[in-house]
Amino acid sequence: MKENQDFIPLKKYRTAALASLFMSIFVAGFLCMHLYHIKLNRAFTQHQAYYEAIDSQIIQKVAEASNVIDNIFSSLMQPLVYKFESSITHEIEKNNNYYHQLDGEGGEIVVRKASHSAFDVPDNWQQILALGPAFNTALALIPALDAIAYVKEGQFAFVRRRDSSTSHMLSAMLDGALAPDFSQSNFSSSRRVNIEEKHYFSIAKQSGNAEGEYVVLVYDSADVANWLKDVTSEHVTITLFNKDKLNLLNDDAVELKSKTSINEIAPWEDGVQLYRLRANMPIYVVYAQDEAQFRNPVLIEVLLEFGFLLIFMVTIYLLLSWLGNRIFIYPVSYFLSYLTYQENAPKGTFDYVVPVDWQPWFARVKQVVTQKQGLLEQLQRHNEVLDEQVQSQKRALSRSLEAKERQAALLNTVLDSVPDLIYFKNIDGSFIGCNRAFELFLGVEKSQLVGREQTEITSMYPEFLTLEQQMFNEKKAITQTITLDDKSYMLTLSPFLCAQRGMLGSLGVARDVTMQQQAIKALQASEESFKSAMEYAPNGVILVSLDKEVLAMNKAARRYLDKATITPLVQLSSLFTADGYLAISHVLSMLLKDTKKVLELSISQNEPYSWLQLSASLVWDKKKVAKYYVLHLQDITSLTQAKLDAERATLAKSRFIANISHEIRTPLNVIQGVVGIIKKQQISEQHSTMLGQVEHASEQLLNMLDSILTFAKVEGKQQAVCIQPFCVATTVRDCLELITPLIEKKQLKLIVKVDDRVWPVLQSDENKIKQILLNLLNNAVKYTQSGTITLSLTVEDSSSEQQSVRFSVADTGIGIKHEDQQRLFDAFTQGDESLSRQHEGIGLGLAIVKHEVTLLGGNISLNSELNRGSEFYFTLKMDKVVCVVAQAYSPVLWLCKKERVVDYLKQADICLVYSANEAIIEMTQREYKSLVVCDPNEVSALLQHAPQYIEGLESVISTQLQSFSKTTCNAPLTIMPDEMFLQSAYSCLLYEQNSQMLIQAHKDISGCLCLVIDDNSLNLDITANMLLALNINVVVQNSASNLVEVVSALNPDLILMDIHMPVIDGFQATKELKQALESFSNPIIALTANAQHSEQERALDVGMCDYLTKPVSQAKLHQALQTHLQNEDVFFDSHFGLQQMMGNVELLSKTLEKFANMCTEYLQKIDTENELTKLQMIAHNVKGAAGGVGFVRLATTAKQLELHLKDHGTLQNSTLVRNLVMCLTQVRQYILMKYHGE
């Protein structure tokens, strides 16, 4: 609108906005200039880093060249181990002034004759020619090296070049073109030389023994330049200079700037140039870049950033301008226009669409204008009426007076109906009038008030006079609350003013506000009580606004948070740590989103360190609008510290248990090992009995340790549940096999009752169920002297997918007192805690059982009476596993009684019959692979009437019956016990060959090589004796400090390693071995006294393949070797070797000592011999010698190499040679460690 331009505040607003925009652009430009300088400094620092990296590489390359030359000079001083043919000096071809000898890959001899006379070859020409391999090695290790030469007196040179097709370089070399100037240093470089359109430079070092004798390394300038180009960035020039400041890579002239001429603030002025002169370096590198190329990328980057920033600021300015016009300027402009013109406003004003936020203001103005127009129209009509009355009815004046009287009466009626006190006074203080309420207040009628002053009527209520005087003085209305007759009144006094602002009188209005004042006082008192209760509450209380500002905080909260005073509306984040505030913010956000009334969390405070329990709630108003948060704080530092102390104590206890277990298992291993060795010898019956007692005592101690470790896992919550399918019959049978010997020893009776409805295959943790049942059965046997032990499984509830099975173990033993039953499942307690108790044990079995039953989702209970036995029982809810009969046994004919048919037998592969006759009819009509007979009374009929059908079956399963065992039928027969017959028979049909596990054939591990490492010499002897009893070759070592060296030479088939050893433990040794010898993949087995599960996991993590705990039995050790040994070939047949020596151990030892020396000689010959016939002869000799003393593996390896060379005539498989070297090293190391302790 045009009118907007005349609105001065709007003009100033726009001017200020533009000024702020330009100021922002100016600041942004200044900051970008500063950023430009920073980026230039950063780019220069990066160039310095590039230069330092390249300079260090050049230093390394020069150092490598110096080392090569020093090694060559050293080689010249060494005596020769071989001689060249002297004819070499007579076969040099003659060309003009040079003599050349081209000797294949051996190098070139170059001689310049000073005259036509013959040239004398140097005396040490043999040592010079022996430098050929060293020259070849230098050319192979240094890619940029083009040639290397030994030059003597400028007339004789021995050269090795990459390209020997031309002799131009040889000419330049003897001409001295590539010879450096040794006047300044013995280690110097030449200038750049052009040879056949290629450029070279050299680095040479002069011998310290004689002048004119030096070794020169010739580099191709182009190769070096390309290498430098590859390691540098684009637009950077890298050049090599010698000490004479000559460019060695190209013809470009580079002027080196002095260090003093470089600007320290802007060192990139006139271009970047970096170099460093060193006195001991023959060459140095110069790093350079043009100033424009250095500045341009940074300048472009800064300009882009400034452009983006400028676009962003302009966009924000335009957006804010558009929003300001939209939200504020346009509505204000139209609003002012509407107020200015009102009904005369331009038409466009009313066409404007009013924003929602401005509609109430426009509506109010429109209402006022409309009312004004209506009043004006009404006044105009009244004036017309009055004019007509004045003109036409002058006589009606009396009627007009009556009307005014009526209006006065009406006004008086209205005033009298108002409960407030209202009165009118003249300028002199006399009453003009009042309403009925004021009459009743003073107790004086209106007629007696009019014309009189207040002091004439009553001396009470002087407050009216005081306030009236104040009003007359100030000439403005006054409102004040006063107390009259024990009541509170809000008195308002207003003056009557004439047109000249003169005082005519006053109007007084007093309203009774007693009730309101009492409510306000009550509210104030309540608020004070609330503040007092909050301030002195024992727990901390903080009121927080929705913006997370602290509204109030009591004394306890200030004490918890160490805040003596608090600033009003301080941010909540300033009271807590960063982590604590994040947690509190998350909880407060959840209170806004969730329906929970209270949320709790624990936070920590630092300095001093403390813990607080925080409860947060949100206060809502009646309209369900959130008002503020309430935080309750409670100091839980003591509780938290007690918890941490308890956790540390538990950890210390676990460590103590692990250490004591390790320390006890170590001597136990010695005890059991020594007992096992002695028992194999011929001893008396009395000594055998005593050894059995020792062995039994050690087993009891070992069982006690296992119980303590298991309970430690229980307390540490380290046990995990492994849910997987298992066969119920197999689980029960395994438990019975372990407990039956104990029952038979005490002549007790074992009863097994398994409900036929128990599902054959369920899903749970089988190992834990076994451990629970074995613990309960062991306790039952321990506390029962005579009678029976009963194991029963019954179904309590069953559905299509799950089944609840009740496990029960009952005995007829001593029973348990009722008062002892409550503590029976506590750790380290027994039913009889007296000193005279008869039963051994540490009281951990039932505590472990209770925990494991709880882990499986059950709860163990017991029924017991003293001297009447006990019953322990628990119920587990497990998933059913649906299985089908294996194809090898399907279809199945199942003979049983109808009442024994259960759900898992009702499937397509099983045909159920209920008598022998029905079974015979079925076998005549259909071919079956398996037969199951549950009723023993039907077996005789089947054998008598259908023997031919039974003989053709793949499997026959029956209960224990003598008639079946005596039959002559050829069908595979499986006899099952009566208890659990249905589950056992069904499980047999689920797997091939009636077994879940495939039993692998036993390996022949005799003759293998095993390395045993243990810091305890007794443990070493016991383990070695166990292995020797298995015909395994053993090498022992009491430390793992040099394990890598030993294993690399010995290469054992298996390593048995202790974990806890001084200097280097088993974990570190295994890790170092795996890192140093990546090719070593033979198994490493931990053999330690520490039985902690965490130690086992750590052993597997570092690369061990198994974990055996001491004391270990020979059977368990044999099983582990069967599982993990990979090589089945014999390393050393000691029995054969001893037979060869006619049983003389000393003679065998001397023979093996000689054979070890032979192995050393064979290794040296293989290393130096290149002829295949001699290598074949070596293999033949090794085969005979090794086979004669019993080293089977070495003889086999040598035989393979001999046959390979004989069949092919050439060595096509170099692996055979490496294998022979490895076997020879292995045998030599074995003999040295076994018989010499090296």
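Positions of Cβ are set from backbone N, Cα and C atoms, glycine also.
Within the set 369-396, 817-844, the record from TrEMBL flags 369-396 under the feature coiled coil. Counting residues 6+ beyond its ends, the transmembrane segment (16-36) has Cβ neighbours under 8 Å at 298-299, 302, 305-306, 309-310, 313-314, 317, 320-321, 324 in the same chain. Per DSSP, the secondary structure of the domain 'HPt' (1137-1238) breaks down as 84 helix, 0 strand, 18 coil. Within its own chain, the transmembrane segment (302-323) has Cβ neighbours under 8 Å at 17, 21, 24-25, 28-29, 32, 35-36, 39, counting only residues six or more beyond its boundaries. Listed in sequence order, ILE1013, ASP1014, ASP1015, ASN1016, ASN1019, GLY1066, ALA1086, LEU1087, THR1088 are the same-chain residues six or more apart from ASP1058 (4-aspartylphosphate) with CB atoms under 8 A from its CB.
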